[in-house]
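A.B. asks: Before anything else, here's the structure in question.
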Amino acid sequence: MAPSSKADKKGAADAGAWMFNVVTSVGIIIVNKALMATYGFSYATTLTGMHFATTTLMTGVLRWLGYIQASHLPFPELLKFVVFANFSIVGMNVSLMWNSVGFYQIAKLSIIPVSCLLEVLLDKIRYSRDTKLSIGVVLLGVGVCTVTDVSVNAKGFIAAFIAVWSTALQQYYVHYLQRKYSLSSFNLLGHTAPSQAATLLLLGPFLDFWLTNKRIDTYDYSTVSVIFIVLSCIIAVGTNLSQFICIGRFTAVSFQVLGHMKTVLVLIMGFFFFGKDGLNLHVVLGMTIAVAGMIWYSNASSKPGGKERRSLSLPTSRQQKQSNLPESDEHDGKV
C-alpha cells in the first residue's frame, strides 16, 4: 500500500476517534445535566459505577461473541490503574463540592501541565517551543471561558491536588498499559471496567450520601428518570471506549489539549439551550483563543521535533522479532 494511502487512512481513523469521543462526551454531559438538574438524581459516583457496570456487560458480550481476544494484565498493574481512576472520579466530585467553580476549573486545566511533566519524566518526551506555547494558549483560552470566581481553602486544595494527579496518572496509564502489554482499547476496558464497577457501586452510595446528604434508596424514580439513567449508561460505554481509543492512538497530553474542544462545544450548546446569557464577549474571546491554540498545537506537535521521545520506545511484553528492530527502536521517535 502506498505511504500516502496509509497516511490518509490513519488520518481518517484519528479524526473518527476524536469525533467519537467528542460526540459521546458532549452527549453524556447533556444527559447527566438533565438527569441531575431536572430530575434530581444527584448520585454522581454511583451513576459512574453504573456506567462501568454497563461497560463490563458490553465487553463481556463482545468477548463471548469472539470480538475480544484473550489477553493478560498483571494484577499489580490493574490495581494501580483502578486506584488512580477511582481517586480521579472521587477527587473531582469532592473538589467540586469543596471549591469554588473557578478554582475547580483551574484544577482541571492543571491536568495538562501535570500530564506533560509525567511524559517528560517517565517517557523522556521532548516538546518544541511552539508545542509548549500552543499548550499555553489553549490553557489561557479555556481559562478565560470558564474561570470566574476563584476561592480556595486547605481541604479543597488537597482534594483538587489528589484529583489532578490521579487523573493525570490514570490517563498516562491508559497509554502505558496499551503499549506495554499490547492491549487494544476493548481489552483494557475488559480488564479495568469490572473492578471499577464493583468498587464504585460498593462505595458510591456512601460517598454520594456524604457529598449530598441524600440516600439513593430514597430517590423517587420515575419512568423518565429511569430512561435518562439507562441512556446515560449507554452513552458512557462509548465515552469510556473512545477515551481509551484516543489516548491509545495519541497520548494523555494530546487527549487533554484537544479534548478541550468539548468544553467549547458545551458552552456553545449552552448558549442555544439557555439563551444569550450563557455566551458573552469574554466567553467568545476565550473560545476563539482556545480553538486557535488547539489548531496551533495540532500543527506544532505533528511537525518533526514538535514532540519526540529522547530514548528507546517503551518495551512491550511481547518480544519483538529481530527483523523489526530497526522500526521499533528508533531514537527520537515521533509520538
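Here the Cβ of each residue, glycine as well, is placed from N, Cα and C on the backbone.
The following feature annotations were taken from TrEMBL:
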| type | residues | note |
| --- | --- | --- |
| COMPBIAS | 313-326 | compositional bias 'Polar residues' |
| DOMAIN | 23-298 | domain 'Sugar phosphate transporter' |
| REGION | 301-335 | region 'Disordered' |
| TRANSMEM | 12-31 | transmembrane segment |
| TRANSMEM | 43-66 | transmembrane segment |
| TRANSMEM | 78-96 | transmembrane segment |
| TRANSMEM | 133-150 | transmembrane segment |
| TRANSMEM | 156-174 | transmembrane segment |
| TRANSMEM | 186-207 | transmembrane segment |
| TRANSMEM | 219-241 | transmembrane segment |
| TRANSMEM | 253-275 | transmembrane segment |
| TRANSMEM | 281-300 | transmembrane segment |
A.B. asks: Applying the under-8 angstroms CB criterion, which one of 12-31, 133-150, 186-207, 219-241 scores highest with the transmembrane segment (43-66)?
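C.D. replies: Maximum Cβ contact count belongs to 186-207.
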A.B. asks: Does the structure show the transmembrane segment (78-96) and the transmembrane segment (186-207) touching, where I'm treating 3 or more Cβ pairs under 8 angstroms (sequence separation 6 or more) as a contact?
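C.D. replies: As far as Cβ distances go (cut-off 8 Å, pairs 6 or more apart), the transmembrane segment (78-96) and the transmembrane segment (186-207) touch.
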A.B. asks: Using Cβ atoms and a strict cutoff of less than 8 Å, what residues sit near the transmembrane segment (186-207) while being 6 or more residues removed from its termini?
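C.D. replies: Distant contacts of the transmembrane segment (186-207): 43, 45-50, 52-53, 55-56, 59-60, 62-63, 67-69, 71, 73, 78, 81-82, 85-86, 89-90, 93, 174, 177-178, 215-217, 240-241, 244, 248.
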